[in-house]
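Peer 1: A single structure is presented below for examination.
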Amino acid sequence: MSRAEDLWERLVRAALRRERTGTDAYGRPVGGIAAFVPSSLANNRDIDEILRAADEIQDEDPNVSRILCEHAYSLAQNLDPNSEGRGVLQFKTGLMSVIKQKLAKREVGMIDRSQDIARLQEFYKLYREQNDVDKLREEEMKLRESAAFSGILGELERKTVKRKRVFATLKVLGTVLQQLTQEIPEELKRVMESDAAMIEDLIAYNIIPLDGPSKTNAIGSFPEVQGAILALKYFSGLPKLPSDFSIPVTRQADMLDFLHYIFGFQKDNVSNQREHIVHLLANEQSQLPILEGTEPMLDEAVVHNVFVTSLDNYIKWCNYLCIQPVWSSFETVSKEKKLLFVSLYFLIWGEASNIRFLPECLCYIFHHMAREMDEILRQQVPQPANSCRSENSENGVSFIDNVIAPLYEVVAAEAANNENGRAPHSAWRNYDDFNEYFWSLHCFELSWPWRRSSLFFQKPKPRSKNMLKSGTGTSQRQGKTSFVEHRTFLHLYHSFHRLWIFLVMMFQGLAIIAFNDGRFDAKTIREVLSLGPTFLIMKFFESVLDVFMMYGAYSTTRRLAISRIFLRFLWFSTTSAVLSFLYVKALQEENKQNGNPVIFRLYVIVVGIYAGIQFFISFLMRIPACHQLTNQCDRWPLIRFVKWMRQERYYVGRGMYERSTDFIKYLLFWLLVLGGKFAFAYFLQIQPLVKPTRAIIRESTIEYSWHDLVSQNNHNALTVLSLWAPVVAIYLLDIYVFYTLVSAVVGFLLGARDRLGEIRSLEALHKLFEQFPGAFMDTLHIPLPNRNSNQTYNEVVEKNKVDAARFSPFWNEIIKNLREEDYITDMEMDLLLMPRNSGTLPLVQWPLFLLASKIILAKDIAVESRDSQDELWERISRDDSMKYAVQECYHTIRLILTEILDDEGRMWVERIYEDIDESIRKRSIQVNFQLNKLPIVISRLTAVTGVLRGEASELEKGAVKAVQDLYDVVRHDFLSVNMRDTYDTWNLLSKARTEGRLFSKLKWPKDAELRAQIKRLHALLTIKDSASNIPRNLEARRRLEFFTNSLFMEMPVAKPVREMLSFSVFTPYYSEIVLYSMDELLKKNEDGISLLFYLQKIYPDEWKNFLSRIGRDESTHESELASSDSDILELRFWASYRGQTLARTVRGMMYYRKALMLQTYLETMTSGDLESGISNNAIDTRGFELSPKTRAQADLKFTYVVTCQIYGRQKEERKPQAADIALLMQRNEALRVAFIDEVETIKDGKVQREFFSKLVKADINGKDKEIYSIKLPGNPELGEGKPENQNHAIVFTRGNAIQTIDMDQDNYFEEALKVRNLLEEFHRDHGIRSPTILGVREHVFTGSVSSLASFMSNQEASFVTLGQRVLANPLKVRMHYGHPDVFDRVFHITRGGISKASRVINISEDIYAGFNSTLRQGNVTHHEYIQVGKGRDVGLNQIAIFEGKVAGGNGEQVLSRDVYRLGQLFDFFRMMSFYFTTVGYYVCTMLTVLTVYIFLYGKAYLALSGVGETIQERGRADISKNTALTAALSTQFLYQIGIFTAVPMVLCFILEQGFLRAVVSFVTMQLQLCSVFFTFSLGTRTHYFGRTILHGGARYQPTGRGFVVRHIKFSENYRLYSRSHFVKGLEVVLLLVVYVAYGYNEDGALSYILLTVSSWFMAISWLFAPYLFNPSGFEWQKIVEDFRDWTNWLLYRGGIGVKGEESWEAWWDEELAHIRTFSGRVAETILSLRFFIFQYGVVYKLDVQGSNTSLTVYGLSWIVLVVLIILFKVFTFSQKISVNFQLLLRFIQGLSFLMALTGVAVAVIFTDLSVTDIFASILAFVPTGWGILCIAEAWKPLMKKLGLWKSIRSLARLYDAGMGMLIFIPIALFSWFPFVSTFQTRLMFNQAFSRGLEISLILAGNNPNSGI
């Protein structure tokens, strides 16, 4: 045997060993050869089951195991004889090695294979006997009958699993036996048939076992499920199916079988949709009364509701196109026919794959297929439909091949033509283009079956690769449909033209008033009337854009839409020209001495009429109350024409209006914002500029210090422009500032109204705890009859006790979950747990954490008190908890003593209590009892309870003695009551005590409830420490505070679980971390810090709690856990639950199921009168997770699907993620995993790739069990990966709602309890339309990791709470921002899904769900009584990548049709709300940065031209100290450093944390330099937003959601931020230097500082923030290493395949990749021209030129520059080229250097050239060189053709080296001082310091884990 074979066999044997145990060293399910059957083997399910059975019986009979393996091998050989499929050869080789290994175990000798069948038959019998199959059945049935509410549910579970495992093996043995021989003995055949009847519940199913009844799943016993199944049965109106059509014997034929036969749907698609429809019907029925009878019938209303909601989009589509649906009216459609239509629609949808993104296309398909179906029903002959006939398919009919595949192929061809997102959007059709084709009657030209020759199906030819062309090339293709996403900033005007027209007209009006000095006379009015032409000119510009923007879609867009565009163009061009002419003519006439006023009057009349008509139409079309009136007027052609001219009619976007009350609310909101904005604009921006503007315009003799080209005879226009430009920029920006301030205040008030933040401390939690049970019953519990009716005191007490008894199971489960999550200790759990309150005590028993130490305090008060009884009780009652503790002790002592004592003992107890009660009534307690003896009494009571807590019977004597001691103390010391009235009783007791009979017979407490009371009493009497700080963990506190606070918030009434809406949770996953491996946890970074060590220090208390939970000592080292596999696995989970892992997300989401099971269990346990007392059993929640009924009910209401896109590939490659996902499925039985499986099949001798969408779950063997496998028409990843991943798996979701959850999210058990309340929001009134998306609050759980994480967390928290609160109400523009949002599932799956997937344009795929929902008449709400955890990026680089991705996504949104339509179709005020909360935020961010540039370039112009100095000296206008400029710069600076964005954050803090904590948090953030961070983020957003609109290039970038514990190298930071921040920062520095060098400031340095502080702050932040927030960023040793790494990277030339991380050249090429189009190159060229102003201005300031301002000076400067470039080229001449003349080259270089030095020296000596001139020349030439470089980079193809590219690259390297050194030198200087590094560490990790983390030790490498 070769070495390779030997190694392979050893590997197989190891795999087999692991396979039998089912786990690896870390407890993960692992797969041997059985788990990795190649998907290319079509029958791989059977092979997989056979191999698993072989592994199962390996130890029992290796020979039979060998037979099974050989049979599996023969099956594989038959399926793929030539081993051409992917992985088949390896599989066969491995399987053959396994067989050899099994043979090696036998004794030496030949194998007689003729006996294999006999051996198999014999083993079948033997296996049945060994496992006692018949007894196994009986035991399980007995347990099932008795286990409904008993404590043996765990045993039932074990029996069920064992029975399933045994029968699964028997099934395989029987199947193999039948395949091997037909000659099976009759007796064995009967046994096998009997066994086969028992394996029906082994048939793979998802939720509801439809193909075979399950004995273990109670879901099939629910009447609503049975009714839904019966509703789908085959009815008389369907033609009889052929006898050869296969239907499982375990179920009856139904209508889906009929559709399967005639249309050729896939079998698994039919099975999937059968369950889907049954699930929908059952849940709809469950909201009605329970069905009765053996064959329950669904309610007619149920079927109608499902029919209408499922086909609502189809009905609207038919109405829009004015066509008749496939039915004439609802009344004529029978119940069965409705279900048939619903089934057909969902079968089409279930198999449509990527075509699901085209919802109206699905309507078209359904329309025709329903007609075909009707025809077949009329003929009553079952035959395949013509549209689906296929010769290639197995049964001659295939829906996917004939209907879906043609569509998919053309969509895929168009997607392939987008060049992986690099092609312009206008060059290819995306999903929206295809779908919108079906918005017109032209779609019927496609005919049915498809007319493949139609232009619609025309596939594009490859595009031209000419880089200099615009990108459209000359490809032959179909045009776009109704919208073209041209890449231009003009989309901002096109989409939101009403906003820009409004702002321009208001600016014009305010400026006119200001320039008329505030007078409102005739002259002012005349000038104000110029707004008319302005309005029409801007509308004309909009119509021009309409024409331009439709270029590329004219050939395919509806002729009516094109007619409208050109009609509007003609109308506005005409009216703008006429009105402008009239106005100019009117002004001319007014200026004449005898002018004709008629023209002016005519102008006024025309403007008045036009404005009146505009206002009237706007009023009718925009005011909600008038909308119905406009609809009624639609029958008038004129009205219809005017409406059509004003607003294009689309299928989406109709009826975009809100209720009148909602309209008034957001109208008032915006009136407040606009009032503040325009007051600020007039008084602080426009009015102060009037005087300096007039002075500048009047200035006529300005002498320029350069050669002036453009400022002659134009009233100094550039000077005026430099004055007004920054103010205008702020004018456009400050509306967002006012919006932020007003929305923050409104959000704060709304939050206060909703009672947010009422419980924000432990003190409040303690104080209000007694109200929690009642609040819980009012909100989270199902309503109880007569609960709040008028009641007596005793009834109120009983009601409170009942409330507490119902509240306690939920509270206790919350506390237990906190312990399981290691947030609290065992002791804290005991203190927090609430008693069951099920006993006879006449009061509510509260948790011990409220009552701890209260008895001790009360005792001290009583002992020391000299007051009366009433005063003493009043002192105790001041503390409610103390009062409750005293009362409880009083009653509990009586209860315990009464229960354990005999008759005489009880007599004593009753006597004492009667005396106490009598003394209390007479207010003589202090007279009759010696209260100073209380400490002795309590000590004796403590002794009694201490003994009674024990178990052993030998403690009984001690208990008697303790009770006797108590008697003696009470009798002789404590009691001073007059005994004459009760002499006989005391005499009897004394006699019994003397004789030793008293208390001699104790009833030892055995009842669990009584023992719990004894334990609790002992704790009350002995706990001395206060529990006011319990729980100590901050996260546990936060969660309990939020949960208890939410109990007082308004939420819908909870329905019983049976009646609640059903829902799914949906998580997309690619290849992120599922579960940390030990290698990942122990791997150390360069400082020797492991992730585990970091987590231990970040979460020290949770680490100790974890060790305690697994039974280890707190000081246990993690290396000691290696001895236990289970401890290692728990450790991995503990670490993973603190990261952003899939394991954390799955655990959190599965809390929904746990909560539903608990709620179901407690509801089921409640029987009889709901107001009656609760028995012990009623609140015993032990085993609720094992109850079959509760599990079935929870599964009917909740589904969790994780769509792991490449799980199949991960399994084949044996990636650890696959094993971890399998482990999660094992630990969560309700978890389902969907994935795309790529299969290679052999057809006609060629390997073909096929794609399947699969759903799997865990089976009883710890492996995947395939439930559904639906073939796809091709690779589903045509657009953005994540939405495609969601789309393929959404067919496996269930329910009325679907919650989208990202894999960096978490959930909490206490929040899961509220989900049924949340789902009821779908039925509440939230406006004119029902909600379609329910927004959910997020809590960012990563805020404590570092200061950056805290900034992001706080910023995010204010947006996802306060911000979205305002967006939803009053603004009504909340979209889909947060992943925890809950969608109306049926609404969205019938309208394109929960995201959009077109390449690049839908890069921010999630928000388009909100756009789509709103456009399709949906309604998005927001709810804050429930929260979901969310992880955020925690390092600066992660944050920058994330923000860049989001900014790029917003840049693409600007171009999208969704934003255009929303901007056009919203009323004006909603449009403004929408703009400023989506793309407008990024526009304002960009304007903030542009304001700095505009201001500085304006100052540079004034300084270099000499204008500023001239005007200042003459004193005509103060252009530096101006109120408007100061206001503008102040606004910009405050926005830049995040002050305005901090206002919502601070108000959010105040609301939810309190004023003091809010102030502390804000000040802390400022001390941690959050302003630097916000300024840096400003640059990130600006760069990526602007670059995306100009050039594209937006793409999904994974941020790696890990913990940032490593130092980021200088080169890595330089690569990431060079172009986005460093270049721009240095440009700002350059402008500031020019301003200080040549600007004129009469007030000197102070004036300069005040004017430029924001600019300097921005520049410094952009240049140094990446190093300031870099761990160990100023540590000298790392700085040295960074410099070495950076120089290596800079000088490495790279080559083919070299990445940007390795070589500067490769990185530089990557940085230029986004400039691809001709328009992009032109734009870059124009933008780069700004760098040439420096040279033009500076050369005229040189001493050498004197006062010469001719162009010759500038020309000579270019000659000098050319000489410098030649010198640079000489010194950087290629060494490879010069290898043959090195000596000559060096001589030339030396000579050139000497000549250059000589030339400079001569010039300095013999001319006026000064040393400062040399530095000034550098200031002039460096920007010019950069400008040349930028232009050359933009025209890269041209430069390459000219042969200049290598020189350009050398120059670029020089610039990068120079920029890098300018940044590096200050960092190196600061790193010399050790205190800088200490300060920086403290700055970054302040949060961690506050939790005890010595991060400085960690980063220095002093790691105590060094021995690991």
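Yeah, the Cβs are placed from backbone N, Cα and C, and that goes for glycine too.
TrEMBL entries are annotated by machine, without manual review.
Annotations for this protein, taken from TrEMBL, read as follows:
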type	residues	note
DOMAIN	336-451	domain '1,3-beta-glucan synthase component FKS1-like'
TRANSMEM	496-515	transmembrane segment
TRANSMEM	535-554	transmembrane segment
TRANSMEM	598-621	transmembrane segment
TRANSMEM	663-684	transmembrane segment
TRANSMEM	723-750	transmembrane segment
TRANSMEM	1474-1496	transmembrane segment
TRANSMEM	1533-1551	transmembrane segment
TRANSMEM	1622-1640	transmembrane segment
TRANSMEM	1646-1669	transmembrane segment
TRANSMEM	1751-1771	transmembrane segment
TRANSMEM	1783-1806	transmembrane segment
TRANSMEM	1854-1875	transmembrane segment
Peer 1: Please indicate, using numbers and ranges, the residues of the same chain that are 6 or more beyond the transmembrane segment (1854-1875) and have a C-beta under 8 Å from a C-beta there.
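Peer 2: Non-local partners: 1610, 1614, 1618, 1622-1623, 1626, 1663-1664, 1667, 1673-1676, 1679, 1683, 1686, 1690, 1704, 1708, 1768, 1772, 1825-1826, 1829.
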Peer 1: Report yes or no: does the transmembrane segment (496-515) come within contact of the transmembrane segment (663-684), defined as 3 or more CB pairs under 8 Å with a sequence separation of 6 or more?
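Peer 2: These two segments touch.
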Peer 1: Grab the same-chain neighbours of the transmembrane segment (1646-1669) for me: Cβ-Cβ under 8 Å, and only residues 6 or more beyond its ends, written as numbers and ranges.
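Peer 2: Beyond its ends, the transmembrane segment (1646-1669) has Cβ neighbours at 1347-1348, 1436-1437, 1489, 1492, 1495-1496, 1499, 1520-1521, 1525, 1529, 1532-1533, 1536-1537, 1569, 1571-1573, 1575-1576, 1578-1579, 1608, 1610, 1613, 1616-1617, 1621-1622, 1624-1626, 1628-1629, 1631-1632, 1635-1636, 1639, 1863, 1866-1867, 1880, 1883-1884.
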Peer 1: Are the transmembrane segment (1533-1551) and the transmembrane segment (1474-1496) close enough to be called in contact, which here means at least 3 C-beta pairs under 8 A that are separated by 6 or more residues?
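Peer 2: Yes, the transmembrane segment (1533-1551) and the transmembrane segment (1474-1496) are in contact.
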Peer 1: Under DSSP, the domain '1,3-beta-glucan synthase component FKS1-like' (336-451) has how many residues in helix, strand and coil?
Peer 2: 84 helix, 2 strand, 30 coil
Peer 1: Ranking 723-750, 1474-1496, 1751-1771, 1783-1806 by Cβ pairs under 8 Å to the transmembrane segment (1622-1640), which is first?
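Peer 2: Selected stretch: 1474-1496, with the most Cβ pairs under 8 Å.
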